[in-house]
Structure formats: structure tokens, C-alpha cells
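Features reported for this protein in Swiss-Prot:
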CARBOHYD  Asn124  N-linked glycosylation site
REGION    49-71  region 'Disordered'
TOPO_DOM  1-85  topological domain 'Cytoplasmic'
TOPO_DOM  107-187  topological domain 'Extracellular'
TRANSMEM  86-106  transmembrane segment
Amino acid sequence: MEVEEIYKHQEVKMQAPAFRDKKQGVSAKNQGAHDPDYENITLAFKNQDHAKGGHSRPTSQVPAQCRPPSDSTQVPCWLYRAILSLYILLALAFVLCIILSAFIMVKNAEMSKELLGFKRELWNVSNSVQACEERQKRGWDSVQQSITMVRSKIDRLETTLAGIKNIDTKVQKILEVLQKMPQSSPQ
């Protein structure tokens, strides 16, 4: 039940004993002081009279302090404060997340710039290494060609040397044959 319905229900309960008293002719002033139905009754009205154009009845102001709940359906005021505190903490956490997200985006932009710089430097180093490798390859190719040329010259020299040795042995044989022959005198 809502608060307004509870008060209307209590009002109906109060009207029944008063109606009985009027029928019996008993004064409500004399009877109401000792009747348990009339003890400690306070009514709270919403602004119904203002809507109807009537004058508002004086009602006792409810203090701003918490009072213990009289009904099990009424929520204690500390719960409202706790929920409000949780909402405030949630809002602060949300603001903190926004600030951290902005900080992360700024750092991400800075790191992107640094990474682009590193990429350019790596590209330059890669090009330099590639140029060095090409020069080294050309150098090795020229060394290989020189080695091949020297080997071919050595092979020619060896064949020439073998031919010279062969000629030398033949010349030696010819000399020996000539020395063994009698010397003819010229006449």
C-alpha cells in the first residue's frame, strides 16, 4: 500500500467509532480522551486542499531527522543516504573513467607519433643495410672473379711450366747425345 492509502484506511477506521458515538448521543469530547481509537493519532495530508481551492489545515511538521519506521513498507532514511552515496561514488567513478580514457587517448597519440618516428628510422636503417649488402655482394663478386682469373692463370702457368720442363728434358737429352758424338773437326 502507498502512504496515502494507509492514511485513508486509518481515517475510515476513525470515522466508524465517531459515527457510533453520535448515534448513541455521547459527546466525543468526553469519550475521546479515554478511547484507545483516538489516542496518538496524527494525520498527514498531501496538498489536496490546495488543489480544491480550500484552505490548508495546519499540520505538524515532520522533523528532518530520521525516525524509526512505523511500518514494514517504509524505507529507513539511512538507506536513502546510502543509495545517494553510491550514486555519488558511481558518478565519481564515471568521471574518473572519462579522465583516464582521455589520458589514455593522449598517451596513445604520443606513442603513435613515436612509433611513426621509429618506423622512419627503421626504414632508413633498412635501406642503409640493404645498400651495404649490395656493395658487399658486388665486392664478393669481384673477389670471386679475381680468384677465378688467378686460378686460370695458375693453371696456364702450370701447363706452361710442364711444357718447359718437357722441353728442358729434351734439350738435356740432345746435349748428352751431342756430347757423346765425336767432335768433327772442321776442315
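A Cβ is built for glycine as well, from the same backbone N, Cα and C atoms used for every other residue.
The shown structure was predicted, so the numbers you read here are calculated from the model rather than taken from an experiment.
Each residue of the topological domain 'Extracellular' (107-187) gets a DSSP state, and the totals for helix, strand and coil are 74 helix, 0 strand, 7 coil.
Asn124 (N-linked glycosylation site): 10 other CB atoms within 10 A of its CB, across all protein chains. Averaged across the topological domain 'Cytoplasmic' (1-85), the predicted model reaches a pLDDT of 59.
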